[in-house]
Amino acid sequence: MTAGRAPAGHLVVEARGLAMAYGGVDVLHGVDLTVRRGEVFALLGPNGAGKTTTVEILEGFRRRSAGEVTVLGADPERGDDAWRGRVGLVLQSWRDHRRWRVGELLTHFASYHPDPRDPAELLALVGLVEQVGQRVERLSGGQRRRLDVALGIVGRPELLFLDEPTTGFDPRARHAFHRLVERLAREEGVTVLLTTHDLAEAERLADRIALLVGGRVRACGTPSELARRAAARAEVRWRAEDGTFRGERTDDPSRLVWDLHRNARGPIAELEVRRPTLEDTYLRMVHREETAVADEEVPA
Amino acid sequence: MTRRAGGGNGRGGRRHWRAGLRRGGIELRQLLRGPRELAGHLTNVLVALLLAVSIDGTVDGTEVPSAHLVVVGFAAYLLFQIGVINLPQILVTEREEGTLLRLRATPGGIPAYLIAKSLLVVAMAVGTLALLLASTALLATGPTPRGAGGWLTLLWVTTLGLLAVVPLGAAIGAVLPNPREALALLMLPAMGLLLTSGAMFPSSVLPDPVQRVAAAFPLKWMAQGLRSALLPDAARAAEPAGSWELPMVALVLTTWAVLGFLLAVPLLRRAARRESGSRLAARRGGAAHSGALPA
């Protein structure tokens with residue numbers, strides 16, 4: 001199976017119209033995603049947006065209600081051992097093998113794979129050389145997650161899933177983890193699909209971001225594309241002649257300001273032009289979704 | 001495991017066996033070095049020793065010391081306990097911690113897990129039995145197998161007994177919600193069976209309906225089979241049927257083994273399939289709220 005590696009640029013993940021319903025409640029409403037070989041792809045969204053559900057479907061751990069999914073050329077629901085070996089996973093909730101020693105555990109999991117990485121080199125890569133003889137339960141949160149990454153890539157996977165990898169990290173641990181992900185992607189050529197609710201993390205790590213809110217992909221593109229799109233509609237605010245504040249959203253703020261000046265035949269009081277950042281757009285979308293959900297929950 | 005073209009499966013299959021055996025070895029070493037678990041198993045042996053030296057008298061109508069009957073019954077109970085209490089506890093704990101999920105995400109992980117667990121259970125059973133019988137025999141003139149036939153009976157009753165309770169335990173471990181509830185749910189029925197299966201005293205003193213219920217479960221037959229291997233032939237006078245009923249022992253234990261396998265395979269498969277990161281997280285959330293897990 002490993003002989004069937006797709007050429008660079010080929011799609012590693014392809015999902016069309018992915019839908020998921022639990023007990024009559026739709027969690028995903030037709031998600032479309034494509035992840036290209038070698039890129040770091042972030043699935044960004046607030047808690048409850050459907051990120052984990054989406055990823056679990058792609059990992060082959062959950063059955064979708066509808067839609068077409070191909071991961072590394074196969075339907076994840078029918079992924080066999082060879083397919084499993086090409087996918088690496090890092091979940092947020094793993095606390096397994098607590099009594100094993102770090103080096104012993106990594107060596108053990110290397111033995112499941114036909115062509116594993118060298119455990120000693122891997123420990124150096126994730127910065128756990130000193131912990132080799134330590135019990136897993138004694139590791140700090142950041143060390144444990146780095147060990148999870150080492151376990152996730154010991155079999156040389158082509159695709160690595162990172163589910164909310166830095167939740168609960170302090171800034172230093174987060175920074176070290178980001179550098180590790182960057183190294184994996186840039187130097188090792190691993191395709192990474194990570195979920196996060198942290199926009200800064202997605203902007204820093206990802207080549208492309210899909211914004212998942214309320215079970216739908218609201219936007220998808222490179223961080224700069226998204227930022228441009230978000231900034232396209234600027235907000236213009238000023239104090240009108242009657243003393244009240246006015247505001248207007250526009251694609252062409254310069255034209256609006258020009259018109260205002262011409263109409264007023266002079267300066268405009270407290271004029272302000274504000275281009276929204278990606279963060280503003282993200283927060284607005286999340287807020288809109290949350291109010292919509294809250295409205296639905298209010299009985300008629 | 002599905003067959004794959006290209007002859008890669010043979011190598012992969014061997015790799016999974018090796019991984020499973022190594023895994024079993026490491027888990028066994030952890031068990032032997034873990035002070036809590038080891039203390040638990042040694043306490044059992046100590047209790048058996050205390051019973052052997054403290055119980056006086058003979059079984060009614062025979063020359064057999066009552067202590068021997070109790071020691072053998074206790075040995076049968078410990079085998080039973082390894083299958084239906086210790087094993088489910090291990091399974092539920094490892095399910096909750098994510099061990100099963102990680103192995104599911106690893107090529108050949110689930111077969112290796114099953115191989116390792118089988119090795120661990122057999123080692124626990126043989127170790128407990130050997131330690132118990134050897135220590136009671138050396139320190140308190142406890143029961144020993146009666147000749148070659150006795151050894152043979154000991155071997156097949158132990159093997160069949162494990163085959164009867166281990167798949168059953170695996171099935172229980174696949175459905176129980178969490179390790180904290182697991183122990184509470186399992187101990188009561190196990191204790192009930194211990195008292196009614198004739199393991200500690202001849203069950204003929206119990207009311208007939210109670211005897212019938214106990215006879216439907218493997219423990220009574222495991223104890224009876226072990227008694228036939230370890231007690232003098234004259235002791236069968238104390239059996240409810242007046243004989244060892246070895247064919248019945250074989251029949252009941254085989255039935256439980258088959259039943260257990262039929263139950264365990266789909267339930268384990270379902271348990272492994274249902275494991276996912278969010279379920280793990282949800283359980284962790286629940287456990288954290290109940291304060292049952294260290295932060």
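Here the Cβ of each residue, glycine as well, is placed from N, Cα and C on the backbone.
Predicted automatically and left uncurated, TrEMBL annotations should be read as such.
Feature list (source: TrEMBL):
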type     : residues  : note
DOMAIN   : B:36-271  : domain 'ABC transmembrane type-2'
TRANSMEM : B:38-55   : transmembrane segment
TRANSMEM : B:67-91   : transmembrane segment
TRANSMEM : B:112-134 : transmembrane segment
TRANSMEM : B:154-176 : transmembrane segment
TRANSMEM : B:183-201 : transmembrane segment
TRANSMEM : B:248-268 : transmembrane segment
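Spatially, the transmembrane segment (B:38-55) is adjacent to the transmembrane segment (B:112-134); three or more Cβ-Cβ distances between them are under 8 Å for residues at least 6 apart in sequence. Scored by C-beta pairs under 8 angstroms, the transmembrane segment (B:112-134) has its highest count with B:67-91, from the stretches B:67-91, B:154-176, B:183-201, B:248-268. Fewer than three CB pairs closer than 8 A are found between the transmembrane segment (B:248-268) and the transmembrane segment (B:67-91), and contact between the two stretches is not assigned (pairs 6 or more residues apart).
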